[in-house]
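> Before anything else, here's the structure in question.
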Amino acid sequence: QLNFMVDLEFLMSNYKAGRADGKPLLVMYGQMEGDTKDFSSVTCVKVNLPFIYGTHHTKMMIFEYRDGLRVVVHTANLVPDDWYEKTQGFWVSPIFPLLENGKSGLLDGESPTRFKRDLVEYLLSYKAPDLVRWTHIIMKYDFSSCNVVFVGSTPGYHTGEDKDRWGHMKVRRAIRQHATSWKSSLPIIAQCSSIGSLGKDAKSWLSGELGMSLTGAAAVCASPPPVHVVYPSEDDICNSSQGWMGGSCLPYNSATHEKQTWLAQHFHLWRSEKRKRTRVMPHIKTYTRLNKNCSAAQFLLLTSANLSKAAWGMLQKQNSQLFIRSYEAGILILPKFLSDSDEFQLTSASNPSGLSLPYDVPLTPYPDGAVPWFMNTIKKRTDIFGRTYP
């Protein structure tokens, strides 16, 4: 288990329910509640972070079974509230079989998306002996059936070939290599649960850097794509299934927003009527790009990475270096590896098996007077349960 917040009692109660509580378990974490002494089969390792404001934000599971290995990339902390009360996203791999004839290697059983190598490189970036052992396990398995791209972020100043292996530059390379080019005027949709300091205007990073990567652009140009941000408003939280407590996992604050009020024009409400989850606040993070009538997508990216430079990285030294503060993990789903088409058709009445987004489209812009949810401000009005905040 690789995660940010871990409630050990909660985690192990679920292992017990699955009759796996006596199995060896490695937990790499950022923050933890619980006493490891109560669980002799569990090894817990706190991940060291080299940079201030960085976090071990990855949410990933790797399971070794008698007959294979499975990888799960997701968005939920290992705490009850994330699993019972929030909207989350999970990618569950097929069970990868052992390589034939006892083979073991980084290139053996590789997928067209290079998932195996990218996963191993990500785990090795921790420089943790316990994870090195897991890379040896992974190399024994056949990942050839994997059809998504692994997208990791790892702390560091990445230069040369390394620059394109991590963060938003990894996404840029994958989209450029494996997706059909779309018009630059088609917007990016960034749906997130937290927002960092993004700079003086949209071009400085949001659209000019991250947005360009999500189009697969070869270089930063003068006309970056528009970026729509799906993030709950204060009213969304007030009327959520938890009332004000629904904002407990959305730590955007007013001080940060006051330095980037330009972001207000990019905000769109969290609406998920088709999935009956409008009132279930999102901890999921997704990034996509839709055509003009919102009927097709160029790609879908599910990740732990929120809308921040710490998570995705920022280019430095005339774009020769990518600086990342945090650990993150996600998967990029591209039409090339799943179908004969160059785009995903979205779910509709006539196409129930299409790609399904977690929110409704077309998007709903913030109405006049709406403000984004700020975790740090006092709310004098009451929520649906009659409570003020905090």
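Indices start at 1 and increase along the chain as displayed.
Even glycines carry a Cβ here, placed using N, Cα and C.
TrEMBL lists H57 with the feature active site, nucleophile. Look at TrEMBL and you will find K59, K285 tagged as substrate binding site. Under the heading active site, proton donor/acceptor, TrEMBL lists H283. Per TrEMBL, the feature site 'Interaction with DNA' maps to S308.
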> Counting only residues 6+ away in sequence within the same chain, which have a CB under 8 Å from the CB of K285 (substrate binding site)?
T75, G89, Q191, C192, S193, L302, T303, S304, A305, N306, G330
> For H57 (active site, nucleophile), list the number of other Cβ atoms lying within 10 Å of its Cβ atom.
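Around H57 (active site, nucleophile), other Cβ atoms within 10 Å: 28.
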> Just to verify a number: CA distance, K59 (substrate binding site) to H283 (active site, proton donor/acceptor), in angstrom, no decimals.
12
> Do you know offhand how many angstrom separate S308 (site 'Interaction with DNA') and the residue listed as 'active site, nucleophile' by C-alpha?
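About 12 Å separate the Cα atoms of these two residues.
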> Near S308 (site 'Interaction with DNA'), how many other Cβ atoms are within 10 Å of its Cβ?
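The answer is 24 other Cβ atoms.
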